[in-house]
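K.L.:
Structure provided below as C-alpha cells; questions to follow.
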Amino acid sequence: MEIQEREQILQHHRHKNPKGSFLGSVSTPMHWFRKLHSELHWSFLVAVLIVYGINQGLGMGLSRVSVQYYMKDDRKLEPSEAQVYFGIIQIPWIVKPLWGLLTDTIPICGFRRRPYFLLSGCLTIVSMLLLSLGENVPLASALSCLVISSVGVAIADVTVDACVTENSIAHPSLTGYMQSLCWFCSSIGALVGFSLSGFLIHLMGSKGVFGILTIPATLIILTGILLRESPAQNFVHRRVDEKFLDAAKLTWMTLKHPEVWRPCLYMYMSLALSLNIREGVFYWFTDAEDGPKFSQEIVGSIFSFGAIGSLLGVLVYQNFLISHSLRATLFWAQLLFGIAGLLDLVLVLRLNLKFYVPDYLFVVMDDIVSIFIIRIKWMPLLVLSSKLCPSGIEGTFFALLMSIDHLGLLSSSWTGGILLHMLKVTRMQFDNLWMAILIRSLFRIVPIGLLFLIPGSDPSLISLPSELLKAKKGDDVCEPETHEMAPLINGA
C-alpha cells in the first residue's frame, strides 16, 4: 500500500462524528451502510443482512436459550455435562477451514457460492424438524441433530465470510466498516431473538422453538436461489486434490509468518484462558434455592440486554477506538473483562441485596457491561483477521482464523466444565460456585501477558508481507464482483 493511500485511510478512520457526541454516533450504522453501498454492490449488503442479521443473530438468540432449557429441563443434564455438550455442538465451527476449502476449490454444478447456501439451509431445516417433531429422541440423536444444524450455520457463515474477506482485500479502507456492519446486524438480530426466546419457550417449549428455527434457514435457501454468480472457469482442467494441495500450501506458507501465527496464538490463548462456566451460573439463576429463580421470560429478556451491550460495543469501537493501537485497546479490554467477571461473584454471594439492588437489575447491568467489553475486545481481532488473509484462499484462511477462535471457545467450555465438576457444582448444589467464578475472573487477566504477540501499530496500516500479497490467485477463484443478488426475473 502506498504512503499516500495509508495517510488517507488513517485520516478517514480518525474522522470525528460530526455531532460530537455518542448520541450522534447512533446514526452511524446508516453511514456505514451508505458508505459500503456507494463502493460495493448492494447484493453484498443484502447477503450480510440475511446471514449475520437473521440466520446468525436472530437464530442465535432463539437457539441459545432454547438449547439451554432443552438440556436442563428436557434432558435433566448436570451443568458440567451441559458444558461438554455445548462444546460438541461447536465442533463444526472448529473445522471451518474444511468448509472454506470446499467453497474456494470445489464448485458444485459450476458454482461456488449458491450451492453451499442451499446446502446450509437444507441441513438446518432437516435437523431442526427432526428434533422438533420427534418423540422420545435419544440423547445421542438429539445431539447429532444439533451438531448438523451447527454445520449448516457454519457453512453459510464461511460462505459469506469469503465475500467479506474478498472485499476487505479489494477495499482495505472499508474493512472496519464491513466488520462493524456485520456485527451490528448480528447484534440487532440477537436482540430480537433473545427478546422473543423466553416467551416462545414458555408458549411452545424448547422443541417448538427448534421448529421456528427453520425460518432463518429457509431465507438462506432463498439467498442461494437469488444469488447470481459467474460459473467457475477451467475447473475440469485441474484435479480436486491438486486444488486442495495448492490451497494447503498457500495456507501453510501464510501461517508460518510471525506476522500471522503470533496473533493466531494470542487469539487462541485469550479465549482458552477465559474459562466458561456459563451453565453453572445459568442453573443457579433458575434452580438454586437461594437464587433469583428467574423465569424463562426473564432469562430471555436478560440475554436481550446483553445484545444491547454488544451493539453498544460495535458503535463505540467504530466511532472511538478503530484508529487506536491494537495492543492498547486489547490491554484495557482484557483487564476490564477480568474485573467484570467479579460481578457474578457479587450476585452469587448475594451482596447486591445488602445494597438493596434487585437481582434482575443487577444481572441486566452485569450482562450489558460484560458483553460490551467482550465486543470491544473482539472487534479489533476481527479487523486484524480480515487483513491476514492471502488472495486466492480468502474463505479458507479466514475460516482457519475463526476456527482457531472456536477451538479456544471449545477449550474454554470443556475446561470450565471440568472446573465445575471438580468443585462439585451440580443441578442443586452451588456452594462452590463462587470459587469457580473467582478462578475464572483471575484467568481472564492472564492473556495481558501475551499482548506482545499482537502488532502495536494502527489497524489500518497492518497488512500481509509483500510476498503473500503477491501470491497468484488460482484461475478459478471467484472474484468479489462476480457475486450479486438479483431478482428472480433477472436470474431467469
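Placement of Cβ uses the backbone N, Cα and C atoms for every residue, glycine included.
Pulled these features from TrEMBL for this protein:
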| type | residues | note |
| --- | --- | --- |
| TRANSMEM | 40-62 | transmembrane segment |
| TRANSMEM | 82-103 | transmembrane segment |
| TRANSMEM | 115-133 | transmembrane segment |
| TRANSMEM | 139-160 | transmembrane segment |
| TRANSMEM | 181-203 | transmembrane segment |
| TRANSMEM | 209-227 | transmembrane segment |
| TRANSMEM | 298-317 | transmembrane segment |
| TRANSMEM | 329-349 | transmembrane segment |
| TRANSMEM | 355-376 | transmembrane segment |
| TRANSMEM | 397-421 | transmembrane segment |
| TRANSMEM | 433-454 | transmembrane segment |
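For each feature listed, report its degree of burial, its nearest neighbours and the pertinent distances within the displayed model.
P.N.:
Counting residues 6+ beyond its ends, the transmembrane segment (40-62) has Cβ neighbours under 8 Å at 33, 153, 156-157, 159-160, 163-164, 167, 171, 174, 178, 181-183, 185-197, 200, 209, 212-213, 216-217, 219-220, 222-223, 227-228, 303-304, 307, 480-481, 483-486 in the same chain.
Within the same chain, residues 99, 102-103, 107-109, 142, 145-146, 148-149, 151-153, 155-156, 159, 207-208, 210-211, 213-214, 216-221, 223-225, 227 sit at least 6 positions outside the transmembrane segment (115-133) and bring their C-beta atoms closer than 8 Å to a C-beta of that stretch.
If you look at the transmembrane segment (139-160), the same-chain residues 6 or more away from its ends with a CB under 8 A from one of its CBs are 47-48, 51-52, 55-56, 59, 63, 67, 70, 75, 85, 88-93, 96, 99-100, 103, 113, 116-117, 119-124, 126-128, 130-131, 213, 217, 220, 395, 398-399, 402.
Long-range contacts of the transmembrane segment (181-203) within the same chain, counting only residues at least 6 positions beyond its ends with a Cβ under 8 Å from a Cβ of the stretch, are 29, 32-33, 36, 45, 48-49, 52-54, 56-62, 64-66, 69, 164, 209, 212, 295-301, 303-304, 306-308, 310-311, 314-315, 375, 379, 382.
Within the chain carrying the transmembrane segment (209-227), a Cβ under 8 angstroms from the stretch's Cβ atoms is held by residues 43, 47, 50-51, 54-55, 58-59, 62-63, 65-66, 70, 113-118, 120-122, 124-125, 128-129, 131-133, 149, 152, 156, 197, 200-201, 483-488, 491, all 6 or more beyond its ends.
Residues 22, 25-26, 28-29, 61, 64-65, 180, 183-184, 186-188, 190-191, 193-199, 201, 282, 285-286, 329, 360, 363-364, 367-376, 378-380 of the same chain lie 6+ residues outside the transmembrane segment (298-317) yet bring a C-beta within less than 8 angstroms of a C-beta in it.
Listed as Cβ neighbours of the transmembrane segment (355-376) (distance under 8 Å, sequence separation of 6 or more from its ends, same chain) are residues 183, 187, 285, 292, 294, 298, 302-303, 305-310, 312-314, 316-317, 321, 329, 333, 336-337, 340-341, 343-344, 346-347.
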K.L.:
Report yes or no: does the transmembrane segment (82-103) come within contact of the transmembrane segment (397-421), defined as 3 or more CB pairs under 8 Å with a sequence separation of 6 or more?
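P.N.:
When sequence-distant Cβ pairs are counted, the transmembrane segment (397-421) touches the transmembrane segment (82-103), since at least 3 lie under 8 Å.
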K.L.:
Mind checking which residues reach the transmembrane segment (397-421)? Cβ under 8 Å, same chain, six or more beyond either end.
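P.N.:
Answer is 79-84, 86-87, 90-91, 93-97, 99-100, 158, 161-162, 164-165, 251, 254-255, 264, 267-280, 381, 385-386, 388-390, 436, 439-440.
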K.L.:
Six or more residues out from either end of the transmembrane segment (433-454), which same-chain residues have a Cβ under 8 Å from its Cβ atoms?
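P.N.:
Answer is 262-263, 265-266, 269-270, 273-277, 280-281, 284, 326-327, 330-331, 334-335, 337-339, 341-342, 344-345, 348-349, 384, 416, 419-420, 423, 425.
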